[in-house]
């Protein structure tokens, strides 16, 4: 795609390179039609006028000035003005251009190629835009829009939602012709051999996807190889083929990495069409907590992990810490300075609360900071950590296979880190789900299989948490993928654990005097 930016640059950039030789002139109109200089050196002025320079252009100051000048120069030719007079007029016009390097380049090309320019003006008096495109002072509208689209993708960290068929199909549909050119117009397509062609295609696409992930130079080599195949299409089609590959190869490869090999092969006709599978219905949070996360292996009886609400003491301590951390953040303190200040915060509380404060700091200190740095409202932090009841999030009860020694911890952090970098704040559950399904393919090979297992096991509970916060350490600790350095804080009475305990059944609800609460907020 960098070639497109170079081809769309103005006159100064066009003159920066050496004089074209025979080898460069064999590369087609992408090289010939950069400007009058390259077209003249390659003997392709007429071709460029008929196929490239006659396309719509972008409205700009250099382009408008150029059109006025060309029109005036045409009138001067009608009045039998000499070449010297027109040269002086054109050079004076170059001085009007806004940038010094553009003005100098304009004068150089006018001095060197005046006869060619005059011939173009004589033949295209009614279309000054074509002459200005030849001078590279009017930019192609098609190239300009392509650059804007590419720049927009670079500036956004959101995973694009593109129409796969619209983007990939034209590029991929040409692959059979490139790899297996036809001998003549009467040749017949080769028949498929009982699905062998489909399997070969799937294997080829799989190998390509693997190579793209593991070999940084493979993509460029692949594009160059396909361009070489374009030469087999003959002089007329070869240039069109190469230009097409240059324009669409990058986005086609990007989309190919998001598709299954069989989908791609069906798209280009090597495999039967893949039937669409309906997406699995998302289960509400309160239902997702029971028997929806499959165990990967048989293990000893699994204990039920609950995140209980804490007593009022822990709630008050948490709210105090949140206020202190918020003040430090507002004063532009660094993360390290804030973490170092946690112990001093506890000294501000009465001695009767120092032990509880230290427990909260040790267990939840980094999580409090991470959540606040995500610009979450301070009033919600302690509820999210289940240290305060009331408006807190419903506790999630999950049954998971315990990985040995935190086996999923590293892959969890890498995946959540990927989501944090590529998803915008306030992303919907659907956007998070789509990103989860694609995220594993972007991790290094050693993590991909483990990542797929991790997503299959943790997906429901992971989505619920990612809607609120995307800090890798906090999320992976919260869902149990990473082991905690401290035991969670528990109250002395089970009823202070909150709704996660109250609403287990009618007996516990009655025991904690919470039947009405459970009916309104949990059992409905």
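Any Cβ shown, glycine's included, is placed from N, Cα and C.
Here Swiss-Prot flags 63-138, 66-132, 94-106, 198-271, 201-265, 230-241, 315-388, 318-382, 346-357, 409-482, 412-476, 440-451 as disulfide bond. Marked as domain 'Saposin A-type 1' by Swiss-Prot on the basis of sequence analysis: 18-58. The annotation domain 'Saposin B-type 1' is assigned in Swiss-Prot to 59-142 on the grounds of sequence analysis. The domain 'Saposin B-type 2' annotation in Swiss-Prot covers 194-275. The domain 'Saposin B-type 3' annotation in Swiss-Prot covers 311-392 and is backed by sequence analysis. Residues or ranges marked as domain 'Saposin B-type 4' in Swiss-Prot (evidence: sequence analysis): 405-486. The feature N-linked glycosylation site is assigned by Swiss-Prot to 80, 101, 215, 332, 426. The signal peptide annotation in Swiss-Prot covers 1-16. Per Swiss-Prot, site 'Not glycosylated' is recorded for 215.
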Short question: most Cβ pairs under 8 Å with the domain 'Saposin A-type 1' (18-58), which of 194-275, 311-392, 405-486? 194-275
Cα-nearest neighbour of residue 388 (disulfide bond) within the listed recorded positions, 132, 332, 476, 482: 476
Would the domain 'Saposin B-type 3' (311-392) count as touching the domain 'Saposin B-type 2' (194-275), if touching means at least three Cβ pairs under 8 Å and pairs must be 6 or more apart in sequence? no
How do the residues of the domain 'Saposin A-type 1' (18-58) split into helix, strand and coil according to DSSP? 21 helix, 1 strand, 19 coil
Distance check, please: Cα of residue 215 (N-linked glycosylation site) against Cα of residue 440 (disulfide bond), rounded to an integer number of angstrom. 18
Counting all other Cβ atoms within 10 Å across every protein chain shown, which of the disulfide-bonded residues 106, 201, 318, 357, 451 scores highest? 106
Using C-alpha positions only, work out which of the disulfide-bonded residues 63, 138, 201, 357 is nearest to residue 318 (disulfide bond). 357
Within 10 Å of each Cβ, count the other Cβ atoms and name the one among the disulfide-bonded residues 412, 440 with the highest count. 412
Sort the recorded positions 101, 132, 382, 482 by C-alpha distance from residue 201 (disulfide bond) and give me just the closest. 482
Name the one residue among 63, 94, 332 whose Cα is closest in three-dimensional space to that of residue 271 (disulfide bond); these are the recorded positions. 63
Of 80, 138, 230, 412, 426, which is closest to residue 106 (disulfide bond) if I measure between C-alpha atoms? They're all recorded positions. 138
What does DSSP say about residue 426 (N-linked glycosylation site): helix, strand or coil? coil
